[in-house]
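Chemist: Handing you a structure now.
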């Protein structure tokens with residue numbers, strides 16, 4: 001599986017996940033508007049007043 005990942009040029013770098021990493025995630029700090037994207041072995045979806053985290057299991061779904 002591939003996911004987008006944040007890098008020096010923004011969050012557009014595509015990476016291939018390891019066999020153990022079955023989730024793509026998109027994590028957003030709602031206060032600072034910073035975001036992180038990548039692969040994960042486990043993932044918990046969160047939507048609170050200050051944090052949003054989306055998990056997905058298909059290629060390049062964390063845009």
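Each Cβ is built from the backbone N, Cα and C atoms, and glycine gets one as well.
Swiss-Prot lists these features:
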type	residues	note
DISULFID	3-24	disulfide bond
DISULFID	6-11	disulfide bond
DISULFID	17-39	disulfide bond
DISULFID	43-55	disulfide bond
DISULFID	56-61	disulfide bond
Chemist: Measuring Cα to Cα, how many Å separate residue 11 (disulfide bond) from residue 55 (disulfide bond)?
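Modeler: One finds 16 Å between the Cα atoms of these residues.
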Chemist: Counting only residues 6+ away in sequence within the same chain, which have a CB under 8 Å from the CB of residue 24 (disulfide bond)?
Modeler: 1, 3, 4, 17, 37, 38, 39, 40, 55, 56, 57, 58, 60, 61, 62
Chemist: Count, for each of the disulfide-bonded residues 3, 11, 55, the other C-beta atoms lying within 10 angstroms of its own C-beta, and report the residue with the smallest count.
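Modeler: Candidates: the disulfide-bonded residues 3, 11, 55. Fewest Cβ atoms within 10 Å: 11.
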Chemist: Looking only at Cβ atoms, how many others are within 10 Å of the one on residue 17 (disulfide bond)?
Modeler: 18
Chemist: In angstrom units, rounded to an integer, how far apart are the Cα atoms of residue 6 (disulfide bond) and residue 43 (disulfide bond)?
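Modeler: Cα-Cα distance, residue 6 (disulfide bond) to residue 43 (disulfide bond): 17 Å.
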